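K.L.:
Please find one structure pasted underneath; my questions will follow.
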Amino acid sequence: MGVKGLNQLIKEHAPDAFKEYQLKNLFGRKVAIDASMCLYQYLIAVRQQDGQQLTSEDGETTSHLSGMFYRTIRLVESGLKPMYVFDGKPPVLKGGELEKRLLKRQDALKQIEDLKETGTVEELMKYEKRTVRASREQNDEAKKLLELMGIPYIVAPSEAEAQCAELARAGKVFAAASEDMDTLCYEPKYLLRHLTVAEARKMPIDQIDYEAMLKGLDMDRSTFVDLCILLGCDYCETIKGVGPVTAFKLIKEHGSLDNIVKWIQENPEKTKYKVPENWPYDEAKQLFMNPEITKGDEVDVKWNEPNVDGLVEFMVKQKGFSEERIRSGAEKLKKALKGGVQGRLDGFFTVVKSSPAKRKPDAKDAKGKGKKKAKR
């Protein structure tokens, strides 16, 4: 679900934290991608002309495999080095949110049955999107596909967003990539949004600089996490009637969520807000501040050459994809992975203070310097 209204608050109060990129601008960058979010997007977006999901001859959904295969190839062809992070076991505190989502899916399934006779395609699609979730089997299939493609992945101990942020913070990757704004609660160096859908929707990729965001909001990490909980997160409900503008104002006035709760409880005559009974906001904060993760320096990230025969066996013989297209995609991937070792230009140079002019290097010197390997 993410954090309600956070994106707009950052744009308003910390505009310098935002940068917009095209895919080509991220050439040479290593990125940790929230795999669960990707699978959800592909299950919704990758459809046949009649609006139905792609399926094999046996009727098994294959939209997630199509999206993961072709989108990953596109990322690698653009010079990125993607790795994926899958969700592990969800925190106990998230159970309430997951139960709400289940009820919404059940309600949507009922609406779909009612609309099958009289509803339009658009109406059916609206409710069908609410029923989408990646199953355990689909997650396992995506992992198998990535392994055959030579693309690294790991399974997080718990939340994938927290693990992506840790990898970015540890320098294993440049940024965490997810649509969930609560990734920022886990302190990534950078967050990339719309990375896996930007080209299809003709929209830019948003980069949020974590430190610039805190500076613009004039908050430390603890206060920022308090703000996110007050806005509404996956771990607990929020205070009814408190929207983004009010949440920001309350945090600025009182300094912390503890102080806000205390003020509301001690001054019921001065405010219309009521703190939810047994509100586990402090437990939610601890999950953000001290998430269950694998330390970045314990994670080995390596890209390998794709297993073409394995891809044909899995994607063509088992899942019914076109052999010509799978082989073509595998060759593109192989070529792009070999070409990706060039690195970024900013990995070759260090910015230094200006000094007295020196002679220009001749062509031979320039050629020699051009062969210097990037650090990363």
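Using the three backbone atoms N, Cα and C, a Cβ is placed for every residue, glycine included.
Take a look at what Swiss-Prot says about it:
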type     : residues                             : note
REGION   : 1-105                                : region 'N-domain'
BINDING  : ASP34, ASP87, GLU159, GLU161         : Mg(2+) 1 binding site
BINDING  : ARG47, ARG71, GLU159, GLY232, ASP234 : DNA binding site
REGION   : 123-254                              : region 'I-domain'
BINDING  : ASP180, ASP182, ASP234               : Mg(2+) 2 binding site
REGION   : 341-349                              : region 'Interaction with PCNA'
REGION   : 356-376                              : region 'Disordered'
COMPBIAS : 359-368                              : compositional bias 'Basic and acidic residues'
K.L.:
In whole Å, how far does the CA atom of GLU159 (Mg(2+) 1 binding site) lie from that of ASP180 (Mg(2+) 2 binding site)?
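P.N.:
Checking the Cα atoms of GLU159 (Mg(2+) 1 binding site) and ASP180 (Mg(2+) 2 binding site) gives a distance of 11 Å.
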K.L.:
List the Cα distance (Å, whole number) between ASP234 (DNA binding site) and ASP182 (Mg(2+) 2 binding site).
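P.N.:
Cα-Cα distance, ASP234 (DNA binding site) to ASP182 (Mg(2+) 2 binding site): 9 Å.
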K.L.:
Spatially speaking, which of the binding-site residues ASP34, ARG71, ASP87, GLU161 is closest to ASP182 (Mg(2+) 2 binding site)? Use C-alpha to C-alpha, please.
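P.N.:
Its closest listed neighbour, by Cα, is GLU161.
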K.L.:
For Mg(2+) 1, what surrounds ASP34, ASP87, GLU159, GLU161 with a Cβ no more than 8 Å from their Cβ centroid?
P.N.:
SER36, MET37, VAL85, ALA156, ALA160, ALA162, GLN163, CYS164, SER178, ASP180, THR183
K.L.:
Please tell me which one of the binding-site residues listed here (ARG71, ASP180, GLY232) sits closest to ASP87 (Mg(2+) 1 binding site), measuring Cα to Cα?
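P.N.:
Smallest Cα separation from ASP87 (Mg(2+) 1 binding site) among ARG71, ASP180, GLY232: ASP180.
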K.L.:
Between ARG71 (DNA binding site) and ASP34 (Mg(2+) 1 binding site), how many Å separate their Cα atoms?
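P.N.:
ARG71 (DNA binding site) and ASP34 (Mg(2+) 1 binding site) have their Cα atoms 14 Å apart.
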K.L.:
Which numbers of helix, strand and coil residues does DSSP report for the region 'I-domain' (123-254)?
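P.N.:
Taking the region 'I-domain' (123-254) as a whole: 69 helix, 15 strand, 48 coil.
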K.L.:
For the binding-site residues ASP87, GLU161, ASP180, ASP182, ASP234, which Cβ has the most other Cβ atoms within 10 Å, all shown protein chains included?
P.N.:
GLU161
K.L.:
Considering the binding-site residues ASP34, GLU159, which residue's Cβ sits among the greatest number of other Cβ atoms within 10 Å?
P.N.:
GLU159
K.L.:
Could you state the CA-to-CA distance between GLY232 (DNA binding site) and GLU161 (Mg(2+) 1 binding site) to the nearest Å?
P.N.:
17
K.L.:
Could you tally the C-beta atoms, other than its own, that fall within 10 angstroms of the C-beta of ARG71 (DNA binding site)?
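P.N.:
Other Cβ atoms found within 10 Å: 22.
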K.L.:
For ASP34 (Mg(2+) 1 binding site), which DSSP three-state class applies?
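P.N.:
For ASP34 (Mg(2+) 1 binding site) - judged by DSSP and reduced to three states - the answer is strand.
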K.L.:
How long is the line from the C-alpha of ASP180 (Mg(2+) 2 binding site) to the C-alpha of ASP34 (Mg(2+) 1 binding site), rounded to the nearest angstrom?
P.N.:
9
K.L.:
Can you check what DSSP calls ARG71 (DNA binding site), collapsed to helix, strand or coil?
P.N.:
helix
